[in-house]
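Feature list (source: Swiss-Prot):
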- 6-26: transmembrane segment (TRANSMEM)
- 67-87: transmembrane segment (TRANSMEM)
- 103-123: transmembrane segment (TRANSMEM)
- 143-163: transmembrane segment (TRANSMEM)
- 174-194: transmembrane segment (TRANSMEM)
- 220-240: transmembrane segment (TRANSMEM)
- 256-276: transmembrane segment (TRANSMEM)
- 296-316: transmembrane segment (TRANSMEM)
């Protein structure tokens, strides 16, 4: 293998991990200000080095395995979670994707579905009833909300004319799809909150019920891997939301401007994730499921039929001259 072929993926991975580190600092700062306190402000200027101190602490701690755990799956689950979270960035145009695929959207949906295996493995291999119940909740929640995500993606494909993420950037040169499909965007954004197990849908870690959920038995570096995977998924989902609904136009002469515009919009969406966490209480589990199956599913199916039927009905009209 040519050594130059390793450089772009390595740069992408390092950039994602650095972004995750500063995202955790940003979250703690925003949560602090919303709760009328300062947040981290000791380690480094303005507390910016706090994530690196936390990471160093977790890496240097001793790895402890529960006595009755299944060691192979126990270690494999967080590793698989982080590997999948990093691999899902490959088809995203920023501005040039690492893997320019014709079915990039389908690949992202398929790989996000594989994340449930890491949740299930971690809960089952921990041999703890709290971890297993948290894993079952996470799996049910993730699989359920992927139904809505898939239907909304189908609606976007009908409007853009292709499964390629590059096609979406070309389609949105004259007009953002968010303006034409704002109900779908609102449901997509809410579904990404549930897909990433974020508040107010963080049912996997109810402190009074399941303590920390599927990762309750984890500590040291495996816990850090789960933590990195969670925040990498948050940034990925918001970057995908930007590409689907708010994509900058195709870069022609300054690709750096495309990247800056894309990541600025993704950062604003990510900050609204943190705003939602500070503002809303946790849903009950039955409310979470009713929201999807009784509200989002009928609405997304109706919008999908609307997006497919309106263009076909226009074909029968006489030419507008």
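Note: Cβ is positioned from N, Cα and C throughout, glycine not excepted.
Source: prediction; values computed, not measured.
Residues 147-148, 151-152, 154-155, 158-159, 181, 183-184, 187, 190-191 of the same chain, all 6+ positions outside the transmembrane segment (296-316), place their C-beta atoms under 8 angstroms from a C-beta of that stretch. Below 8 A, the CB atoms of the transmembrane segment (220-240) and the transmembrane segment (143-163) form no more than two pairs separated by six or more positions in the chain, fewer than 3 in all. Below 8 angstroms of C-beta separation, residues 73-74, 76-78, 80-81, 84-85, 87-88, 91-92, 97, 131-136, 138-139, 142-143, 146, 149-150, 153, 156-157, 163-166, 195, 204, 214-215, 218, 226, 229, 233, 240 of the same chain, each at least six residues beyond the ends of the transmembrane segment (103-123), sit close to that stretch.
With a threshold of 8 Å between CB atoms, the same-chain residues lying at least 6 positions outside the transmembrane segment (6-26) that come near it are 40, 47-48, 50-52, 54-55, 86, 89-90, 98, 227-228, 231-232, 234-235, 270-271, 274. Long-range contacts of the transmembrane segment (67-87) within the same chain, counting only residues at least 6 positions beyond its ends with a Cβ under 8 Å from a Cβ of the stretch, are 12-13, 16, 111, 114-115, 117-119, 121-122, 124-127, 215, 217-218, 222-223, 225-226, 228-229, 232-233, 236.
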